[in-house]
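Working notes, structure below.
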Amino acid sequence: MMQAALPIKCLEATILAIFLTQGQKYFKRFTISFVSEFNGNIFRHVVLGIYSSSSGLFGALGLSRRENLMYKPLKFPVIKIVYKLSVLQNSCI
């Protein structure tokens with residue numbers, strides 16, 4: 001029985017993304033984890049990186065407190081762009 005409706009966390013979202021993409025034969029999946037600091041607090045993040053072998057493009061699935069640290073559409077030609085858009089822009093450690 002559910003006692004409280006708490007928000008889903010990034011790890012739970014990543015596991016859900018793994019489950020939902022498991023039957024997709026053209027997707028290569030990998031985790032992307034990183035650490036950020038905000039107001040002296042350390043936060044750990046994880047998202048599911050996706051590579052489509054049919055289109056040759058990268059993206060990411062996941063959730064975060066910050067909107068720009070989670071979902072990235074499947075439109076990037078190299079994973080480095082996804083990394084720069086998320087991790088480097090947010091002063092992640």
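The backbone N, Cα and C atoms fix where each Cβ goes, and this holds for glycine too.
For reference, TrEMBL has these:
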- CYS10: active site (ACT_SITE)
- HIS45: active site (ACT_SITE)
- SER64: active site (ACT_SITE)
Inter-residue C-alpha distance, CYS10 (active site) and HIS45 (active site) (nearest angstrom): 6
Which is it, of CYS10, HIS45, SER64: the one of these active-site residues whose Cβ has the most other Cβ atoms within 10 Å? HIS45
For HIS45 (active site) and SER64 (active site), determine the Cα separation and express it in whole Å. 7
According to DSSP, CYS10 (active site) sits in helix
Which three-state DSSP class does SER64 (active site) fall into? coil
